[in-house]
Amino acid sequence: MYQELIRNELTEAAGVLQAFLADEQNLKNIEAAAKLLADSFKQEGKVLSCGNGGSHCDAMHFAEELTGRYRENRPGYAGIAISDPSHLSCVSNDFGYDYVFSRYVEAVGRRGDVLLGISTSGNSGNILKAIEAAHAKGMKVIALTGKDGGKMAGLADVEIRVPHFGYADRIQEVHIKVIHILIQLVEKEMAK
């Protein structure tokens, strides 16, 4: 009854991934981002990750697989998703939602750390403020974006952009694949 819909959804998802894969710059950017992360971990740095909605879940997924594991057993890496409910509700109430991530970066971020900001539109105000705070702290910034990169375009040390202008879930599907590849590459770099 729904097989045609299922086929169309999977075909569209595969097409978005193929278009992303066809741009060699995306592969270079993923490699550069993994190197930034590994360099930070080698210097006892950490990565702070943030996003909204499904991208928030991706930020938590990323941190979990750094501190826990991905495919193989290995030492944990310092990954923190900015997701503490008491922090988020306090800052939202007292300062406004645009500051929920930047206040955390200001408090916890240090020179040599990395911020991973995830926004399918590239226009999330709270991610933009987190990027600004990270730069002020001397942190490196990796951005996972979509569409044309939005306001985040050009603000990160490394931007990995999924140039899809349809539904955000297609962008998120590529983002989670990129996250898994980043962790795999970090593990290889750390094993050197």
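Each Cβ is built from the backbone N, Cα and C atoms, and glycine gets one as well.
Secondary structure at GLN172 (substrate binding site), as computed by DSSP, is helix. The substrate binding site annotation in Swiss-Prot covers ASN52, GLY53, GLY54, GLU65, ASN93, ASP94, SER119, THR120, SER121, SER124, GLN172.
Secondary structure from DSSP puts GLU65 (Zn(2+) binding site) in a helix. If you look up Swiss-Prot, you'll see HIS61, GLU65, GLN172, HIS180 marked as Zn(2+) binding site.
Annotation comment: Swiss-Prot describes 37-192 as domain 'SIS'.
Cα distances from ASN52 (substrate binding site) to the binding-site residues HIS61, GLU65, HIS180 are smallest for HIS61.
For the pair formed by ASN93 (substrate binding site) and HIS61 (Zn(2+) binding site), distance between Cα atoms is given as 26 Å, rounded to the nearest Å. Taking only the Cα positions, the spacing between HIS180 (Zn(2+) binding site) and GLN172 (substrate binding site) is 12 angstrom. Mean pLDDT across the domain 'SIS' (37-192) comes to 97 in this model. For the pair HIS61 (Zn(2+) binding site) and SER119 (substrate binding site), the Cα-Cα distance reads 15 Å. Of all Cα pairs drawn from ASN52, GLY53, GLY54, GLU65, ASN93, ASP94, SER119, THR120, SER121, SER124, GLN172, which the record names as binding substrate, the longest spans 32 Å.
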